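Below: the structure, in structure tokens.
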Amino acid sequence: MVKVSFNSALAHKEAANKEEENSQVLILPPDAKEPEDVVVPAGHKRAWCWCMCFGLAFMLAGVILGGAYLYKYFAFQQGGVYFCGIKYIEDGLSLPESGAQLKSARYHTIEQNIQILEEEDVEFISVPVPEFADSDPADIVHDFHRRLTAYLDLSLDKCYVIPLNTSVVMPPKNFLELLINIKAGTYLPQSYLIHEQMIVTDRIENVDQLGFFIYRLCRGKETYKLQRKEAMKGIQKREAVNCRKIRHFENRFAMETLICEQ
């Protein structure tokens with residue numbers, strides 16, 4: 001018996017292709033380097049590390065400052081705002097005692113918006129344009145933590161700063177109790193008017209040193225220091241100087257603040 005076998009042409013072709021693949025060689029240029037031979041200089045690594053450290057430090061500082069600002073901003077926004085007023089007698093040293101005198105007395109009214117932040121020890125007063133009195137609208141900040149008072153005369157768009165007078169300005173907690181009583185109707189104040197006179201002195205260049213709340217009030221405004229004259233009760237003769245008048249209250253009596261330039 002004779003065994004006959006045939007060689008497949010396709011099998012020969014596949015074997016030839018495998019040999020060609022095995023014989024392929026990667027040819028690199030003479031100046032090329034192997035990937036594992038590439039080394040980053042130490043100076044570049046160090047510079048990159050410093051950049052990362054400074055970047056993280058700036059980001060952390062921004063987060064801290066931004067958080068502090070947002071806390072004060074939202075604390076300011078969340079404080080309750082009261083719209084209150086008191087009646088006062090302008091042409092007398094005290095309230096009349098008899099009923100006849102009480103009816104004939106000429107009462108004036110001060111109305112204003114008030115906001116108190118007890119935790120920060122700050123009072124905000126906004127005096128609108130009065131209907132009949134010849135006084136200026138104003139925004140006032142009493143900062144008990146900084147022991148400063150700031151007046152923003154809205155007619156002049158100027159700021160004035162003076163040490164806080166705690167003898168006439170109620171502390172935030174007591175003032176808040178007074179406002180709650182006024183709102184509840186248990187205390188309807190009928191009071192008198194106190195006069196105080198301030199003299200404009202030096203200009204303040206850096207309002208950022210006056211604390212967050214006064215900075216918020218006075219930034220971008222011309223800001224001046226004030227010097228207080230002794231508070232006077234009743235009608236007083238005044239010198240012929242250029243004065244602006246602000247009527248407000250932060251106690252059981254009304255206050256007329258004269259801001260004068262000599």
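Just so you know, glycine gets a Cβ as well, placed from its N, Cα and C.
Annotation in Swiss-Prot places Cys159 in a disulphide bond whose other cysteine, of Cys84, Cys218, is Cys218. Rounded to the nearest whole angstrom, the C-alpha distance between Cys159 (disulfide bond) and Cys260 (disulfide bond) is 13. The separation of Cys243 (disulfide bond) from Cys218 (disulfide bond), Cα to Cα, is 20 Å.
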